[in-house]
């Protein structure tokens, strides 16, 4: 579970609100974290094996899009962060004597405090990087649709995601543990920067990503209408697929992390009270404990739920391969009509070979749409670029295709 309270636990003194949640059934809480994290790792491994098996039956992609690299990086960050939660919870359950020495000021063994700080910073860093990568994904898909030239720079995204994650994590840790671990958490002036650096990437994703996704969906609709000047049923289905994917992403993020925001709001409210153990605050205390346990279950499950949002429910099966709907679009050609309508993506010019289309600066419009609807090898919709008329294969019905989503 990714929470700034994990870092505060390493301090010898806790505020009353932190004491309220950290001392309430700690073994049960870490058992829930361990179970949720282990389930995410096991099912994630099954999904990875299933994806590799399905890739073996396809021609390898020549140049993966930047969004594919971004999703792989976000998945890796979430996987390693979840692994940190599993290791931390395992130690908490298996070695209670080791954990008791963490907050002991007079203890001579530095390893308990070192493990506490290291595991807390490890979890915070990787989940922060995951949030930055998800923000980069929203930015990238919007830029791919909107701009007319150039190619996404994955190096810039690496610098942005890892640089900001490391910077905020180090700054929050220095402010929290200054001047030393044995003398930290002596007031809100030390703790607040730690909270800000922890939740800033999360709040950015929850606020900015829906805006970028909405703008992308609007641009995709304009792009599909501009291909032939009409908006066919297949193009409506294509737009619905992209819109559904973005909706699933935000639904997972809100479901997994809204409990963190509610919990921290309740704990901050309790910290402002002169006596948090008053009878009038009993319901708020119970709500804080409840959301604390919900965080322990949902935070490690984020990666699994996001992968299901991207790849579908059948991604966790090693044998089930759902029928795919293959839509072949006509490639764009240089014409007078294109001169009157400037598409938001890179223009394409036909060469001598009628089966090939040369892209000026990057992906064709078909590939751009494929990036948005098929970031995985297990997507329910595939789009292939080909000349000629529109040809639909393996389509039972549009309602069945929407049912698979």
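Glycine is no exception: its Cβ is also placed from the backbone N, Cα and C atoms.
Note on Swiss-Prot: of 79-99, 100-120, the range annotated with the feature transmembrane segment is 79-99.
Relative to the membrane, residue 153 and residue 292 are annotated in Swiss-Prot as lying on opposing sides.
Here Swiss-Prot gives transmembrane segment for one range in the set 154-174, 217-237, 322-342: that range is 154-174. Long-range contacts of the topological domain 'Extracellular' (100-124) within the same chain: residues 2, 4, 6-7, 9-12, 80-81, 84-85, 87-88, 91, 169, 172-173, 177, 181-182, 198, each at least 6 residues beyond the stretch ends and with a Cβ under 8 Å from a Cβ of the stretch. Within the same chain, residues 2-4, 7-8, 124, 128, 131-132, 134-135, 138-139, 141-142, 164-165, 168-169, 171-173, 175-176, 249-250, 253-254, 257, 260-261, 264 sit at least 6 positions outside the transmembrane segment (192-212) and bring their C-beta atoms closer than 8 Å to a C-beta of that stretch. When Cβ-Cβ distances below 8 Å are used as the criterion, the transmembrane segment (28-48) is approached by residues 1, 79, 82-83, 85-86, 88-90, 92-93, 292-293, 296-304, 307, 311, 315-318 of the same chain, each at least six residues removed from its ends.
Distant neighbours of the topological domain 'Extracellular' (1-27): 33, 81, 85, 88, 92-93, 96, 102-105, 113, 116-117, 119-121, 123-124, 127, 172-173, 176-177, 181-186, 191, 194-195, 198-199, 260, 263-264, 267-268, 270-271, 276-277, 285, 288-289, 292, 295-296, 299-300; these residues of the same chain sit at least 6 beyond its ends, with a Cβ under 8 Å from one of its Cβ atoms.
Under DSSP, residues within the topological domain 'Extracellular' (270-292) fall into helix, strand and coil as 16 helix, 0 strand, 7 coil. Break the topological domain 'Extracellular' (100-124) down by DSSP state and the numbers are 15 helix, 0 strand, 10 coil.
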